[in-house]
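Colleague: The following block contains the structure, expressed as C-alpha cells.
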Amino acid sequence: MAAKVLKFSHEVLHAMSRGVEVLANAVKVTLGPKGRNVVLDKSFGAPTITKDGVSVAKEIELEDKFENMGAQMVKEVASRTSDDAGDGTTTATVLAQAILVEGIKAVIAGMNPMDLKRGIDKAVTAAVAELKKISKPCKDQKAIAQVGTISANSDKSIGDIIAEAMEKVGKEGVITVEDGSGLENALEVVEGMQFDRGYLSPYFINNQQNMSAELENPFILLVDKKISNIRELIPLLENVAKSGRPLLVIAEDIEGEALATLVVNNIRGVVKVAAVKAPGFGDRRKAMLQDIAVLTGGKVISEEVGLSLEAASLDDLGSAKRVVVTKDDTTIIDGSGDAGDIKNRVEQIRKEIENSSSDYDKEKLQERLAKLAGGVAVIKVGAATEVEMKEKKARVEDALHATRAAVEEGVVPGGGVALIRVLKSLDSVEVENEDQRVGVEIARRAMAYPLSQIVKNTGVQAAVVADKVLNHKDVNYGYNAATGEYGDMIEMGILDPTKVTRTALQNAASIAGLMITTECMVTEAPKKKEESMPGGGDMGGMGGMGGMGGMM
C-alpha cells in the first residue's frame, strides 16, 4: 500500500480554501449578462469557448493534491446543481466559495464548526421557505421565453425558440437539440406518436412524391409476436376488406408468405395495407405496444393474455385519423383512444419515472411519456463554425433545462435579487448559541455574493448597487446588469427559475458545511523519483581490453 500524507486542522482549511479559490475564481467570471468567456484547451481539435460554469469547473485539476480535493468538492456543487436543475452552476459555486471563506474565518477565530454548520443549515431552510413564498408560477409563453433568454446568456433567439417548442408539444413533450445545417436556429415539430420503424416492403408506398405509405382513417392491428403464417391473418383481412378501410399492421416481425400476401393484396387494391416492425426490444417493446394500444383504442394481440390472431375481430383493432409510414419511421396522428385511459397511462409512466434510478431508463420513459402526452420537437442549432456550434448547443441545452425548472416550480426575480429578498426571513431563525448565530450570519453574507459578483463583472461598484437593492421595499426591485438600470426585474424579463436558485443554495450550503467541519485530509504521498544508476566510472578498468588485439 502506498504511503500517505496527512494534514490536520487549520492546515486543512487553508489548503481546501486555496483550491476552492482557484476553481471559483475561474468559474465566477462567467456570471451575469456581462460575464466573460473562458477558453478551454482540448487535447485535440480547436479550443472550446464557454460561459457555462459547470463546463469550466469540469476542466480544472490542480497539481497540489490537498488543494485539488477542495476544488473537486466545489466541482461537485456545480455538477449536482446542473443535474438537478440544469442551470445555476456558477451561482452555486459563488455561494459555496462565500460560505467557505466566511466559515473558515469563524473556525480559525475559535468557533465550533458543528454549531456553525447547524446555523448555516437553519438559515438555508428559512431562506428556501421564503423563496417558495415569493415564487410566481410560470405559465405563459412570454415568461418561458424570458427564462430561456436569461439562461442562454441573454440570447433572445434561443429563449423564443424554446418557448415556441414548449407551446407546440406541451410541458410534457420531448424537446431534443441537434446540430443544424444553416446559420439560423430552426424548429421542427412531429405531431402525434412517432417511432423509429419504417415499412417492411417498398411495395406499401402509395405516395411516390414523399416515398411514403399514407393511410387515412386506418384500422391498426398490434401483435406481440412474429407473423409468418398467412392463415392466421386471413379472417381479419377479409373483415377489414369488407369495411373498406385501410390497415396498419404492427408486429414483432412479418415475414415469408404473410408479408408476400399483404404486398399482393395492397398492389391489387383488395385492401390498402402497410406493415411495420414494433418499436423497441424485449420488455420495452411490450410497453410501447401497450402505449400504442391505449393511444389508438385497440388491444395488443398477445398469447400471454389469451388473445390469438385467428380469433381477433375488428373490435380488437385500434384506429387513428391518419398514419404516415416512411422508410425510417412511422407516425400515428390523432389516435382514437379514450382520453381517460391515455391520462391514466401517462400517470403510470410518470410514477415509473419517479421510481426509476437509472438515467437511461428515465430518458426512455420520458420519451414514451412525451409521445403519449404531447409530441416531439427538435431544435436545430445554427452556427457559422463548429466551435460556435458547440458553445451555442450547450447554451440551448442549459436554457431548456432552466425553462423546464421554471414551469415546474415557478420563477423569482433574477440577477441575484431573490437571494437578497429572502434575507429578512433569517431575522426570525431560532438559534441555540452564539456560534449558531454566526452560522446564520455567514449564510446571510454569502447570499449577497451572487448579486455583487454579477455587478462586479459589469465593472460597476458592487457595494453601492447591493445597498440600493437591499434597502428598497419592492420585492421585484433590482439592478439590470445588461442595461445598467434599476427597476422591476419581473417586468424587465429578468427571471430565475425558483428551482435553480433553491438547488444552488442548498447544494452550496451542503458541501461548504461539510468542508468547514473537516478536520483531517489524507492523500497519497508523491512518488520520489528513482535514483538513476551511478555514472559508469569503474568501467574505466576495461581499458585493458585493448590488449585483446593480440588474440587475432
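Glycine too: its Cβ is placed from the backbone N, Cα and C atoms.
Copied straight from Swiss-Prot:
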BINDING   30-33, LYS51, 87-91, GLY415, 480-482, ASP496  ATP binding site
Colleague: Hey, of the binding-site residues listed (THR30, THR90), which one tops the CB count within 10 A?
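Modeller: Of THR30, THR90, the one with the most crowded Cβ is THR90.
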Colleague: Given the binding-site residues LYS51, GLY88, GLY415, ASP496, which one has the fewest other C-beta atoms within 10 angstroms of its C-beta?
Modeller: LYS51
Colleague: When DSSP states are folded down to helix, strand and coil, where does GLY88 (ATP binding site) land?
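Modeller: The residue in question, GLY88 (ATP binding site), is coil (DSSP, three-state).
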Colleague: Counting across all protein chains shown, how many other Cβ atoms sit within 10 Å of the Cβ of GLY32 (ATP binding site)?
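Modeller: By my count, 27.
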Colleague: In sequence order, what residues of the same chain, 6+ apart, have a Cβ less than 8 Å from the Cβ of ALA481 (ATP binding site)?
Modeller: GLY32, PRO33, LYS34, GLY415, ILE454, VAL455, ASN457, THR458
